[in-house]
Amino acid sequence: TLKEGLTVKAGDTITVSAISIHGKPPPTSAWSKAGKDFRPSELVHIETTPTTSTLNIKYATRKDSGEYTITATNPFGTKQESVHVKVLDVPGPPGPIEISNVSAEKATLTWSPPAEDGGSPIKSYVLEKRETSRLLWTLVEQMMLPEFDLRGIYQKTVIAKAGDNIKIEIPVLGRPRPTVTWKKEDQMLKQTQRVNYENTATATILTINECTRSDSGQYPLSAKNIVGEVSEVITVQVHDIPGPPTGPIKFDEISSDFVTFSWQPPLNDGGVPISNYVVEMRQTDSTTWTELATTVIRTIFKATRLTTGVEYQFRVKAQNRYGIGPAITSESVVANYPFKVPGPPGTPQVTAVTKETMTISWNEPVTDGGSPILGYHVERKERNSILWQTVSKMLVSGNIFKSTGLTDGIAYEFRVIAENLAGKSKPSKPSEPVFALDPIDPPGKPIPLNITRHAVTLKWTKPEYNGGFKITGYTVEKRDLPNGRWLKANFSNILETEFTVSGLTEDAAYEFRVIARNAGGAVSQPSEPSDAITCRDDIEAPKIKVDAKYKDTLVLKAGEVFRLEADVSGRPPPSMTWTKGEKELEDTAKLEIKIADFSTVLINKDSSRRDGGAYTLTATNPGGFAKHIFNPILAVNPYVPPDPPKTPEVTAITKDSMVVCWGHPDSDGGSPITNYIVERRDRAGLRWVKCNKRVVTDLRYKVSGLTEGHEYEYRVMAENAAGVSEPSPTSPFYKACDTVFKPGPPGNPRVLDSSRSSITIAWNKPIYDGGSEITGYMVEIALPEEDEWKIVTPPVGLKATSFTITDLKENQEYKIRIYAMNSEGLGEPALVPGTPKAEERLLPPEIELDAELRKVVTIRACCTLRLFVPIKGRPAPEVKWTREQGESLDRASIESTSSYTLLIVENVNRFDSGKYMLTIENSSGSKSAFVNVRVLDTPGAPQDLKIKEVTKSSVTLTWEPPLIDGGSKIKNYIVEKRESTRKAYSTVNANCHKTSWKVDSLQEGCNYYFRVLAENEYGIGLPVETSESVKVSERPLPPGKITLLDVTRNSVSLSWEKPEHDGGSRILGYIDLKVDVPFVGRPKPAVFWHKDNVALKQTTRVNAESSENITVTKIIICECKST
């Protein structure tokens, strides 16, 4: 408790205790002051135990003030604690008195404060005087230090409400009279008409008129006289309504029917705690704010029962006990799902194709918008079309889809749309166009024929099935091993099944594969990859090894079979050829040659004398060549080879085949002709090539496998048991090409359109193209009575099958004919029927509604409505869209051309449902059609809300269903009420299934508003509200007994009792007053009524009447008033 210090009066005893001293071993303790230890004496007494120590100093003086320290010490350390002691005493004497300004009546005295104030500020001085002749001092004046009497200001704080007047009056003591000054915070208080202070003889008064929050703060005031100066601080608190909450308003959660938002408390709370917040809402298309809640305690609020897709704005006000402050307003926010539509899916790839189906696959979108993907919609279109057609009847759950019902030979594109709870994504990029064709089988596995360090020659077999079209080329791909990508290896089309891949890296390993392509545009799957191939030249000169029996001459008999064999070595594997004389031998039925990588066998069957001679085997590779000569000798043959056949002729020619005929040799050599050998030679080549591999005994042979456009000559040799004859004389050169004729006439020439200066015609390809591709068309015109034809097409001809002839004379008739062209020239012409005239054609308007538009077009709220309608007409019709009930189309975007019209309405709502009328009109007539649109949305407002019955505790409401049900059946109605003094509605019934409801338990005499909302499966719709408040009360009972108070010559005073029950509402007045006055007179007097000496003016409310036969006159006043 002494840590705050110890204060004692002079003469008292100072007692300082340390009540807890601990340590092991027990420490020793000592007391000191200003570094000097205390020793026990008459005035100083120290009591010490192992755990405590107390210091006592008797008869304390001002010199004993200071810092007292106790130090505890043991071998392990030292610990100190201190306490400040203050000794209070009377002050010392003031400084020497100086006298000045001495006159006969007065003198001015000055002195300095005492050097010792006794430990407390000087409060006052006592001034005494004595005459020099006397010894007794007498009191002149007791001077006193200034002092403020703050007992009337609780805790030195003044609290006021903004706008009030503040008056702070503080009594001021002190002699002589002190000077008082005021400050605001640390600045001198600037006096104005509103803020000023006044000093009187006994007090200082601070006045602040119509205070504001800015007047809050610390107001230091000081009083000063010759004795000294004192200061105090008065705190002024001005309370007001709070400032706006601290923004911005933060949306913590947004969903389709609620929004949760939060804010921070106001920086200015008005000086008192915030009691609650008021939350209001409005739709951005309205200027009316609706109160949602008035008792929100926390700085977070959840606004519920919002309409999906509607844009809202919220504002929040803080409230304290002084009232409601200004509002902070949020940004606009749309009540929608807390996620977005997904991103577009990846570009679809066609993975499988037939002539009727295509299978596509795609990747998921990069983002799902925050909600899982529910599925995909697949659309397709023909390559030349602009209209996309949805082909998936329902959501596709996976990433693969098979599209059926395709047309053979048409190219199709596909795109995919993803959908989540928020809606549909943008479409993906379209796939590459792919023709609907049967797939091609892959080519055979490529086999290397030759390998060098920079090139590999490959060979493969054709696909087993070509997809129904001729194979038009191959693509070879290569891949670096082990992990390379497949890259294209050829840069021009490959027609043959053999190709040399060049530009390879020495010692690198590769794989190769082949892809086939047909005339229909279909592409096969890749072939099986080749074996791994390393590009390397291992050069070793060829060597030929033969059996020892072949080193001597072989002697054989005619008719026998002889066999020549050899083994060959070398790197790379050598190429081997067999020759006899200078002629290279080829494999035939009689002479069989087998060649492997490192061996070869020649087998000659049914040997004859002419088969004898030297047979040479030559092996060649980059390292050199080797030769070996075999010498079989045959016995005498009884036959001789036949004479050569007659000169061959060609009788039939196509682009890849010819039929060759020849005559029988003059002599068969004594043995029947067993075979004819047909050879050909290309004009561009030097070697004769054998055409037939099988035995030919006829005098004709069809040579195939020719190259189109090449010229060939032929020769024939006859063969019998004795051998092969000399070649026949060679034939002339024949060119391999199809026989071509001029084409037939184009089909179905017709007029498509005409104008004042043009005629558009069309035709079909000729049925017969003459054996050559049609290269173009030519169009001629002539006047009907003339035979001079004029060409109107370009000199090179037309590629298309339609043409517009321009620069014609209006209303002139013309003859028109069309020619087809091929490589042989112009064919027969086709004449357009009749004599078409260059005149403007009129076509009545036509509307081609799609089958989907003939049904009801159903669309979700907030989506985009697109109505695309193809139209026709000449001249181009004028397009007009309207709504059945004349609703506005300001929100619609309409685009119209001569061939179509497109109506687009973005962000549709329930009011966009209904019939959309389309009318097109030109000078030939008009045409109308309509499209029924149903927008699935929350319902519109119920109709014709009426108050059916009012009692003192209930109100019965009736209404009609909404005109717009939002595309869904009304499930129920929600009935709400609010007192006219409040802004927030409360729910009476949230599940009303009728179109009427009795709202009971109401407060008699209160005014209420009522509203009704319809609800369907898409949510709660718009409200309908009573236009005026309804007072809950009944009709009053009739007034009580009527008393006649006074009667004069011309007046009557009446009084009556109040009704026993006022119906729950104060009596506002009495409606009807009826006065009957009997009268007599003969003859019957005329009756006149006056009011305030003025003839009574009769109205529908006030009128007087007199009966003809009854001597009574009446005055009736309806809705009478006190006036």
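Heads up, the Cβ atoms here are built off N, Cα and C, so glycines get one too.
Here is what TrEMBL records for this protein:
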| type | residues | note |
| --- | --- | --- |
| DOMAIN | 1-86 | domain 'Ig-like' |
| DOMAIN | 93-187 | domain 'Fibronectin type-III' |
| DOMAIN | 146-237 | domain 'Ig-like' |
| DOMAIN | 244-338 | domain 'Fibronectin type-III' |
| DOMAIN | 344-439 | domain 'Fibronectin type-III' |
| DOMAIN | 442-538 | domain 'Fibronectin type-III' |
| DOMAIN | 542-621 | domain 'Ig-like' |
| DOMAIN | 644-739 | domain 'Fibronectin type-III' |
| DOMAIN | 745-841 | domain 'Fibronectin type-III' |
| DOMAIN | 845-934 | domain 'Ig-like' |
| DOMAIN | 941-1035 | domain 'Fibronectin type-III' |
| DOMAIN | 1038-1123 | domain 'Fibronectin type-III' |
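As a whole-number mean, the pLDDT of the domain 'Fibronectin type-III' (344-439) in this prediction is 90. Broken down by DSSP into helix, strand and coil, the domain 'Ig-like' (845-934) contains 7 helix, 53 strand, 30 coil.
Secondary structure of the domain 'Fibronectin type-III' (745-841) per DSSP (helix as H, G, I; strand as E, B; remaining residues coil): 0 helix, 42 strand, 55 coil. By the count of Cβ pairs under 8 Å, the stretch nearest in packing to the domain 'Ig-like' (845-934) among 1-86, 93-187, 244-338 is 244-338. Within the domain 'Fibronectin type-III' (93-187), the DSSP-based counts of helix, strand and coil residues read 3 helix, 45 strand, 47 coil.
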